[in-house]
Amino acid sequence: MALSKVKLNDTLNKDQLLSSSKYTIQRSTGDSIDTPNYDVQKHINKLCGMLLITEDANHKFTGLIGMLYAMSRLGREDTIKILRDAGYHVKANGVDVTTHRQDINGKEMKFEVLTLASLTTEIQINIEIESRKSYKKMLKEMGEVAPEYRHDSPDCGMIILCIAALVITKLAAGDRSGLTAVIRRANNVLKNEMKRYKGLLPKDIANSFYEVFEKHPHFIDVFVHFGIAQSSTRGGSRVEGIFAGLFMNAYGAGQVMLRWGVLAKSVKNIMLGHASVQAEMEQVVEVYEYAQKLGGEAGFYHILNNPKASLLSLTQFPHFSSVVLGNAAGLGIMGEYRGTPRNQDLYDAAKAYAEQLKENGVINYSVLDLTAEELEAIKHQLNPKDNDVEL
C-alpha cells in the first residue's frame, strides 16, 4: 500500500465542532499551589544550590524545587495567569521567607525557610543540614570555596532547569523511555557544571522532574511558558544560554530532529518541527495546528495517537527520502515498536518504503551535516552499515 493512499482524518470538522463549544471546564491544581514571587527567587536559587553541593544528594524534591524557581522567575501574577488560561482553578498560596529555630544536637540553630504548602519546613531544614556537612568537607579540601562552587552561585537554579528542559521533550512517550538520552545529553552539555557540583546527578534529578510532570500536569504548562519567556530574554549567564539552546532545540528549532525523528518519541519535536520548518506540507500542518489548538498534553497525545499525520505528503521535501526514513524510525517502525500499530496499513506502507530506501542506498548521509552525537544516535536507531555513513 502506498503512503499516498493513507488518508488523514477530517480535522476541519473536528476543529469546527470544538470551536462551537459554548462552555469551558475547570481543572483543579489540588488544594492550593505555591506561587512564589520575584522576591523569594534568590532563596529558592540557594535551595537549589544546597542540593547541588551535597554529595550523593537525595533529589526526591528537586523537581518540585526547580519548578518553584521557574515560577519565581515568571512572577506570581504571570504564573497564576498561565494556569488560569490553561483551564486550571487556582487557589494560590503566597510564599515568604521566615526564620525557624531548631535544636540540633543540644544547640539552637537558626534557619531561613519558605512558607510552602508543597514542601515542609522539616524537609527544607534537612536539605540545609546535609548541605552544611558537604560545605565543611569542601572547606577542608579547598581551604577557600570559590564563588562558582558555592551554593549561592546565581546560576544554581538554571543548572537544575536545564535537566527539566531535556525531560519535558520526552513526556509524550507516556513512559520514561527517554531517560537514557536525557542522562547522556546532560552529561555532555553540563560537564563543566558537574565538575563544580558533586550533587549534580542527572539521573536522579531527571527522575524527580518526571515525577513532578507526571503527577502535576499543570506544571507542564507553566514550564513551557517559562522556557519560551526565558529563551526570548536577551543576555544572561552561560547556563541561561545552555538552557535556551536545549529548550529551543527540543521545541522544533533543530532540523535534525525533524529529518531523523531520533528523538521523535517526544511527539512535540515532530509537531512543532513540521509546523515551523516545513509549512508547505499543508495536510500535515493542518493536523499539527489542530493539535496546537487542543493545547498542552492533549494536543501532543492527539498526534501520538495519529502517527499517520507525520508520514503524509513527504514527497514534497527536497530530501524526502531522509524525512520518510527519519519519521519511520521515530515512530518505532525501524526501531522497537511498543504495542500494536494503531494503523496497520500505515505501518506496513511506511516500513516497506523506509526499508526500500535503506536497501537502495537512497539516503545520502553526508549531506545532512550531522554531529558526532547525532550520528551515534542514528547508528543506534537505524543500524546502518559503516560505509553508509559519512560525516
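Using the three backbone atoms N, Cα and C, a Cβ is placed for every residue, glycine included.
In Swiss-Prot, the feature phosphotyrosine is attached to one residue out of Y38, Y337, namely Y38. Proximity of Y38 (phosphotyrosine) to non-local residues of its own chain (separation of 6 or more, Cβ distance below 8 Å) is seen for S72, R73, G75, given in sequence order.
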